[in-house]
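The transmembrane segment feature in TrEMBL is assigned to 21-44, 112-130, 150-169, 189-218. The coiled coil annotation in TrEMBL covers 235-269. Among the features that TrEMBL reports, region 'Disordered' is placed at 276-305. If you look up TrEMBL, you'll see 287-298 marked as compositional bias 'Basic and acidic residues'.
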Amino acid sequence: MHVVSEIQRRPNKARLKSEKYIVHFYSLCTLVQLVCLIVFVTQFDMASNRTFTSSLWVENPFELAPSLVWLSKRCSHSVQNERVFAFTGVSVNISDKVVGVMFAALATEMHATFFLAVTALLVGAINRYAVKANFFEFKWRNFNVRKDCFFATEIVLISALLHSVLLAEDTHRMLHDYLDHCNTRSRGFLPYCSTVPMIIFITFAFATYFFGFFVYMWNALPKYGIMSDEEVVEYREWLRRREESVAEVKRMEEEVRRANTRLQLMLENEKNMKLGKSTYQSRRPTIRREAYGSKQGDDAQQWGT
């Protein structure tokens, strides 16, 4: 998010030091998020390949790895009074009849987590680049696009990502306990794929808004926030010129509007004058013929008498 309001917007070469520092912080957060996403997708791909016989990135028949099939037939685990997202006191008996469904559910939830993380990273990168480019609004005719659209979209995606991670955590924990109970020797199965990179991803996403909001409120304080004395004088001068330019633009727009109104009135008046003249000319010969015809009729009546 921007750390100055649209009224305090300044040219790129005269931006505040806080804006320059926050842009570097945003770039660092984006880089950390990218690393977390790469780590998560690498772990997820390796663990899914060891858990299932087919790839999860394309449509394939469902089948667990032979080692898990052998393990599930010889081991079961009962979970008592477990919390599953919004429910408490859940009891589940994990056996070979349900373990496949639980592994499939975990893979689906983690796949959705990856998709939301990629989308959130793309939207977040666009949102932070808009801060670097000093972009507030794009106008084209009657179509307006404000940076707030990217801000709101990223918040929604990060919230959905957090929900997806928390939803997958419960299934992840139960399957993790199940494999530990069955004394599996391999630690490469899907329940051992950590969701910590996604937690770090979400933390840095919210950190950008937390620090950005803090700096924004600091800049909105009296005496222009954390600007130096030279920057305060420069900003006051720039703000005065900006207000004068805005007033000049409004005055010119008003003059153009008045000139356009006068021109429309003149054109309408001229059109009415032409219409009245053409009407008069079209009626004038008819009046003459009617007058001439009535005169002949009177003469004929006098001769007849």
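Note: Cβ is positioned from N, Cα and C throughout, glycine not excepted.
Quick caveat, the model's predicted, so the values are computed rather than measured.
Mean per-residue pLDDT, taken over the coiled coil (235-269), amounts to 85. Residues 1-5, 18, 22, 25-26, 29, 32-33, 36-37, 39-40, 43-44, 47-48, 50-51, 65, 68, 103, 106-107, 110, 113, 117, 120-121, 124, 128, 154-155, 158, 161-162, 165, 168-169, 172, 175-176, 178-179, 225-226 of the same chain, all 6+ positions outside the transmembrane segment (189-218), place their C-beta atoms under 8 angstroms from a C-beta of that stretch. Taking Cβ pairs closer than 8 Å, the transmembrane segment (112-130) reaches residues 1, 23, 26-27, 29-30, 33-34, 37, 40-41, 44, 147, 150-151, 153-154, 157-158, 160-161, 164-165, 168, 195, 198, 201, 205, 208 in its own chain, all 6 or more past its ends.
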